[in-house]
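Chemist: Handing you this structure, nothing more for now.
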Amino acid sequence: MLGNVPPPTNGAASLNLPPIRRREVALAAVLALALGVGTPATAAPPNSTLAGSSVAGPEPALAGVPHRITLVNGDRVTLTPTSGGVTTDVRGPAGQPVGAQVVTYGKDTYVYPDSISRYLASGLLDQRLFNVTQLIEDGYDDAHRDRLPLILSYTDATARAKTTPTGATRVRDLPSVQGAAVEADRHQADRFWSFLTGAASGAPAAKQSHAGPVRFAGGVTKVWLDGKVRAALADTTAQIGAPQVWAGGNTGAGVPVAVLDTGVDAEHPDLAGQVTEARSFVPGEEVTDRNGHGTHVASTIAGTGAASDGRERGVAPGVELHVGKVLSDAGEGQDSWIVSGMEWAAREAKARVISMSLGGAPSDGTDLLSRSVNQLSAETGALFTIAAGNSGPDMQTVGAPGSADAALTVGAVDGLDRLAVFSSRGPRRGDNAMKPDITAPGVDVLAARSQYAPEGAGPYQTMSGTSMATPHVAGAAALLAAAHPQWTGQQLKDALMSTSKVTRQYDAYRGGAGRVDVAVSATVFATGVDFTALHWPYEPGQQTEHEVTYTNTGDASVTLDLTVEAPTAPAGLFTLTADRVTVPAHGTSSVTVHANLDRMADEDSYAYAMVVGAGPAGTPRLHTLVGLDKKGQRVGLTVTTKDRDGTGLAGQVLLKDITRDVVPQLYEVDESGRLDLQVRPGTYSILMHAEVPGVHGAHSVGRAVLVAPEIVVGDDDRTVTLDAGTLRQVTAVTPQRTSLAGLGVHYFRSYPDRYRLSDSYLLDPRYDSLWATPTGEPVEQGSFTLGIRWSLIQPPLTVQGKGGEYDDLRMQSGSGTGREGRHELDAVFVAGTTPADVAKARVGGKVVVVRHTDTATALAQADAAAAAGAALMIVVNDGYGRLDAWTDVPDPETPLPVASLGRDQGEELIKRIRRGDVRLTVEAHATPAYLYDLVDRHSGAVPENLTYRPRSGDLARVEVSFRNPAPGVGTWTRSDVSPDEPTTALNALPVPFPAQGERTDWLSAEDGNEWIEMANLTPLVLASEPVSYPAGRRTEQSWFAPVARPRVPQRSVLSGTPVLVGTELSTYGLPSWGDADPRHHGMTWGAEVAQTTSVHQGEDLIASAPGGGIGASVEPGRPVRLVVEAAQDGVSPYSTRTVTEWGVEFPDADPESVRQLPLIQLDYGVQTDPAGRAGRNSRLTVSASHLERAWHAGAIRTVEVELSYDDGRTWRRATGLRAEHGGWRLDLAAPKSARFASLRVTARDAVGNAVTQTVVRAFGLR
């Protein structure tokens, strides 16, 4: 396990969350519901800055437009970039709301839907499947892949041969890991998941059962993401001693060596005739290297130097080279391609050395690729030389598969044997094992350049990275293998490590045993490394023993004088049983190293020593690394969970050591209600999510949050009880009647100078209530907040009978709205469940009531009821909780309003109808006239009273006006940004709004609280900057009013402000459709809309790209023009075409700073009617301004306005333009025949920056 918490000893399964990345903690504003490994990575980017400041905001992969990811279970996650991070939206396969836990730390957001939590905690699912941030970065979102690449592990070969789940296509078998690569059709992901879990689609909801272990069907033991892998000479070959070996006649002749990379340019002069065999494992690509990485690596091993008169030879030019293309021309690969390549290289090509200059995320060595390395090494005796990665200088950054035990893992040094700053460091994550194993030259390495490479020129090019170091070691291993044909891969590894050049300027956890030094002339070798992990408790005087073995291949015995070097270890920790050993000819001798554990601290610690053996003059000094990982004191922490009836309560427990930077651990607690852990003494935070009875009868279900934010664990065992008997219901009482659209709970815990924990739970609509446990006294260490977020709207539908209102009613997503207002209707119950039964019943103008069934979809029933003239359909759930009947229907839509009732109230309604009590009062509202967005935060402790009862004066009142030119209905969402933790949780259906209409919103108005608002009228989405509203005051707000045009707000949500870093200009998602409010900006993603962004200097076009994102290298001293052209057809009658040309002065470049371009922003004001038309003599105002942080900006000096009334065919300069209140105004004098007004506005500032913006049909005229 990662972190400091061992696996539970009973009653629970655990989930290890990934380690915190030590750079940034990103905002994850969670709007919710309407809710591998492997990289040619290991080559460092040329001229890259490996340490320094970063630009705030979302990662580049998340930039711009929203990204949708269909998860392995069929749930859909949408991530939308914001000014500080992302908002997260989660839905089921049919668009229905689902419950999900969102955990954010570092830059990553993980989304864990309720339906997968037990499988994940039980180790049946690869956690990477739910890292939505990384999935997008790797191009695994829906926009880039309609099939999700997976690897399935099986119990045995028979199950592997027989089972391919429904909805998946088998791609290849992977016998070394008892697995198969498959691709799951994202449109059938729910069927794929149903096959694995045995769950029937559309089955009635049941209580969550935690009895017994979960397992997959068909002999599937685990589902892995088929993750992404990316790619990480004369002087350098001399540096490692290769020329001396060549001089003795050894060039590695006859040794089969495999290179698994981006392919090879077999026509390169240095590689002509060198490639014995080549095969591509990349679908749709030949083995030809169009990236350049693989050719560079291959020639470092086997290049003849023909293009340089033999000067730039590889380390072992005589080898038989086998090339497997496992990385695409883009330098990326999937885990399954890598495994297939490894199996081919080891089993078919029978390579003795396999070079892999690729790698992925840091690992503890249990990942799929590392397992394959270990299996194939043991099976075939091959030696895998694998790059450590380019994630230095941070510790514990060695990537997979270099983290495999059997791998010879390679770091990088420069020509002076100084460790490269980018080279990944150890120890290995999880158990502190010693990695990397060895280093080699990897800085500015000159080797062959593929003629098909996109960069460079000539036969050679220079690259840096652990990718470049790895083939040096592979070549050295090949030379050693040629000298010792019978040696195994482990013997080759030991020999290379024990004879390397010791680099004492950095320790073994950074540079392993030292820099490789070709040692084929040596006749004595030693064990390369010996590592032991130890666990508390310890006996006084306890020692460990480590055997170091020396092997003599010579004809005479050799005597070695032995010493221990342990400069960073406690004094006296390591001792030898002998200070001299004689190794017989063609034999072995061993010596034992003792480690006295009393010398190490009781806290978690690790240490190493180097055992040095010095022989006769002229023989290499041998050295062996001996490592220890000593875990400190552990005490028992028992968490008991009790339901309201005293029985065990099942659920998920999240445990965080708040005083240490260790990752939180998620555990599954079964119905025994007991979780036993061994933990370090310290202060812990415990959060439990569980299912409890709801408030609408025996079949209703609620969600509970049981918290213990501060548990101090000392030297003695401790028991903590989480008791559902103390739960208090979380409620909000509003001045007006409301219906719940969404409910979320956010848990925040931090400690000074430590990484904070943010856990947001998005309630599934099946729950009718939320509960939490009071905590008593405030926390004493760090900070703690429990936040509740409600979205409450005017009820879209109410149904009342003689027995009162049916308040467990839920409108179904995708159904119609019916007639507006209040109506008296008769109800009829249809006992049959098929559409034919519904069609036969006399339901015209009535409320038809049916039971939910597995034999027919609710959509089919609704279509039949609509055809028969029904006014409303109510579906009564036959399971537990509330029902969204569309869960088994993709993209449902019916004109009939459909609602569901929980089982208890629904059966009561059926009884009344059967007794003849059929009259119901129905009130419907297609779009709400008011809503409440409320937040109640409890800091320090959770109080006894969890009812939030705001008065109107406590809230901000916002009068919202929607002024779209055309009628229709859109969807609205609003997320809150917390003042103490910028992460929010909201489980809400997007609220419908009228494209032309009004609404009154009431909002919580805590100090520092901000809101991000989005209005979606497909294909146009408008978003606000983060805004705040004062309590007790009325604010007016307008959406979609003219003039629509490109506008970058001060704090962008959907877009990125253009910036300069040195001479590099870049932006993403430049928004082209802002409305009249300067705080709004808009984007579109439809075929009806086109946008092009281009960069110019003088008459030169530097770069051009479709959409709003672009990057370009620009020259200092020459003005830059950034041009955005946008057009739309049929989306709106206005702003049919816009051209915005920003001119920016660029006097100098500063590579050390990020400069926001001084783009002058233009804002317009004109009074229009709901259809977007202004009077012919209306007043037009124009404002020009810079963004607050703009670089090299001057005061606005001039503004010119031109008008056109013939769609831009002719223009005339506006007269009567005058400055007023910081802007400019003029009065229109439009011709009577004109239907539209077009604008062309130019503004300039005092230092020469300018903008000219043309808007064709800016607004209509009446």
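Keep in mind that glycine also has a Cβ here, set from the backbone N, Cα and C atoms.
Sharing the features that TrEMBL gives for it:
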SIGNAL    1-43  signal peptide
DOMAIN    252-506  domain 'Peptidase S8/S53'
ACT_SITE  ASP261  active site, charge relay system
ACT_SITE  HIS293  active site, charge relay system
ACT_SITE  SER467  active site, charge relay system
DOMAIN    839-909  domain 'PA'
Chemist: Three-state secondary structure of ASP261 (active site, charge relay system) from DSSP?
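Modeler: DSSP call for ASP261 (active site, charge relay system): strand.
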Chemist: With helix taken as DSSP H, G or I, strand as E or B and everything else coil, how many residues of the domain 'PA' (839-909) land in each class?
Modeler: 23 helix, 15 strand, 33 coil
Chemist: Do me a favour and check the Cα-Cα span between SER467 (active site, charge relay system) and HIS293 (active site, charge relay system); whole Å is fine.
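Modeler: On Cα coordinates alone, these residues lie 8 Å apart.
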Chemist: Look up SER467 (active site, charge relay system) in the DSSP assignment and report helix, strand or coil.
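Modeler: In three-state terms, SER467 (active site, charge relay system) counts as helix.
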Chemist: Measure from the CA atom of ASP261 (active site, charge relay system) to the CA atom of HIS293 (active site, charge relay system) and give the result in Å, rounded to a whole number.
Modeler: 7
Chemist: Validating a neighbour-count step here. Other CB atoms within 10 A of the CB of HIS293 (active site, charge relay system): how many?
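Modeler: Other Cβ atoms within 10 Å of HIS293 (active site, charge relay system): 29.
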